[in-house]
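Peer 1: Right, I'll just put the structure down here and ask away after.
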Amino acid sequence: MASPGSGFWSFGSEDGSADPENPGTARAWCQVAQKFTGGIGNKLCALLYGDSGKPAEGGGSVTSRAATGKVACTCDQKPCNCPKGDVNYAFLHATDLLPACDGERPTLAFLQDVMNILLQYVVKSFDRSTKVIDFHYPNELLQEYNWELADQPQNLEEILTHCQTTLKYAIKTGHPRYFNQLSTGLDMVGLAADWLTSTANTNMFTYEIAPVFVLLEYVTLKKMREIIGWPGGSGDGIFSPGGAISNMYAMLIARYKMFPEVKEKGMAAVPRLIAFTSEHSHFSLKKGAAALGIGTDSVILIKCDERGKMIPSDLERRILEVKQKGFVPFLVSATAGTTVYGAFDPLLAVADICKKYKIWMHVDAAWGGGLLMSRKHKWKLSGVERANSVTWNPHKMMGVPLQCSALLVREEGLMQSCNQMHASYLFQQDKHYDLSYDTGDKALQCGRHVDVFKLWLMWRAKGTTGFEAHIDKCLELAEYLYTIIKNREGYEMVFDGKPQHTNVCFWFVPPSLRTLEDNEERMSRLSKVAPVIKARMMEYGTTMVSYQPLGDKVNFFRMVISNPAATHQDIDFLIEEIERLGQDL
């Protein structure tokens, strides 16, 4: 790019100093020109800067600190003694950034502007006057923007515009009025840790390429096992891409424990294996059975009571039925915090049955595991210490940025022997350090993302007591919602009694249905209410809450709270918004 002031149409001094009120320099005139649309501003800037021969590329303009000629400071002196220069992104591409020669200055400016975009988004995420979502239908977004991938590179101005556009239409999951999923909130320390993790950009193969992260995973998993109740935090574990994969790990290890020959010889070498889980459990158990060749028909669903808890007597009955057929029960997966009702299976009773029949006991505490951090609520997981394995997702109730899921195993070394393949190019046996820290061979993946650092850094910042306060607050908000709507006109609870978790399940009954008899016609009409209200929520962008049918129950709202930014006022707003949007149905 030609230097400022070198073009035929350049104005003012070569040092680029300018008074915005008196545009007497190329930079100032270029700032004015950027107000023109249709690429005219870029073409004028090209003339002003002496780059008239370079074609101006399309795309929206980005008003940034760098576009005004101020680049990131590279010194520690105050006032700054760094040389000043202009960064016009319209003429810069990714190839101009590091490791390009002289790429430091545009790199610092570009990343600073990306950071500014992110920080603006963060601030907006907590602003209740902003929308949770700027909803557009898929065909609208596809027609409004060109998302296709091109052969030729775009300039950095367009890249910054893409960043802004992407965030404009993204869901603000940190918004205090976003209640749609189990994973909500935006923790600032966790966010900073995620940025650091991406900057380090390493893999969790071995100690030699991820020394600090491997140690932090060891320390953090040990602490989680201590909280579960395993003596001295003994055992094993790994961070996985999510609760579904953690549950599949448990199924894989349980099968290997009972029939180690399956690793080499496959399912043909073992009898038919049967797993058991509740009818309210997560669908990932069946997905895992399909992936491992066990088959979805080999996952038996156990009946639940009206609150969604597994019935132990039905579990034992089904185990005996399977054994009489000559099949082999190998896994019982109990749930601590079901996805819809937030129910906790009776873990002590399940543990007794598993011990009696020598079956691996897994606890899927992906959603409910966070309650172990609370002295007030951890009793709901009584018996989890008797499990052989536990899934625990800190990215749900504990508010750690996605993804952060752990599979904890009580028996040390079992995961390693189950999964190791001794790849000699990674796991050499003659290294000069303790090889037990080369954890990659016990994972199903080869490449593995660093998921531990955000949890570890948040734990250091909050302490266990901080997580406890977070969890206690969310459960108190759920009880507040339940207390308000249980006797409020127009609301019906899906099940009786206080929720055990932050899941509050209810129907909103509009005035037109309140006088109807409780019959099939009423249920049919009621089933259409929640979807319409949800659609209107998204159109207005004011709030979001999930709905679903379950069994013989027609569509109902499932409210979940895991965002510590939410308040009583946000709960009040949700109730008022549901009533406003559903009053005419």
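Glycine is no exception: its Cβ is also placed from the backbone N, Cα and C atoms.
Because the structure is a prediction, the values reported are computed rather than measured.
As annotated in Swiss-Prot:
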- Q181, L182, S183, R558: substrate binding site (BINDING)
- C30: S-palmitoyl cysteine (LIPID)
- C45: S-palmitoyl cysteine (LIPID)
- S3: phosphoserine (MOD_RES)
- S6: phosphoserine (MOD_RES)
- S10: phosphoserine (MOD_RES)
- S13: phosphoserine (MOD_RES)
- K396: N6-(pyridoxal phosphate)lysine (MOD_RES)
- 1-24: region 'Disordered' (REGION)
Peer 1: As a test of the contact definition, list every same-chain residue at least 6 positions from R558 (substrate binding site) whose Cβ is closer than 8 Å to its Cβ.
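Peer 2: Spatial neighbours, sequence-distant, of R558 (substrate binding site): V340, N503, V504, C505, V545, S546, Y547, Q548.
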Peer 1: If you count, for each of the recorded positions Q181, L182, S183, K396, the other Cβ atoms lying within 10 Å of its Cβ, which residue has the minimum?
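Peer 2: Counting other Cβ atoms within 10 Å of each of the recorded positions Q181, L182, S183, K396 gives the minimum at Q181.
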Peer 1: I want to verify one value. Collapsing DSSP to three states, which class is R558 (substrate binding site)?
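Peer 2: The three-state answer is strand.
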Peer 1: Would you measure the largest Cα separation among Q181, L182, S183, R558 for the substrate site and round it to whole Å?
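Peer 2: The two farthest binding residues have Cα atoms 14 Å apart.
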Peer 1: Using the alpha carbons only, what distance in Å do you get between Q181 (substrate binding site) and K396 (N6-(pyridoxal phosphate)lysine) once rounded?
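Peer 2: Cα to Cα, Q181 (substrate binding site) and K396 (N6-(pyridoxal phosphate)lysine) are separated by 9 Å.
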Peer 1: Whose Cβ lies within 8 Å of the mean position of the Cβ atoms of Q181, L182, S183, R558, the substrate site, other than those residues?
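Peer 2: Sorted by sequence, the hits are N180, T184, T339, K396, S546, V560, S562.
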Peer 1: Cα-Cα separation of L182 (substrate binding site) and K396 (N6-(pyridoxal phosphate)lysine), in Å?
Peer 2: 6
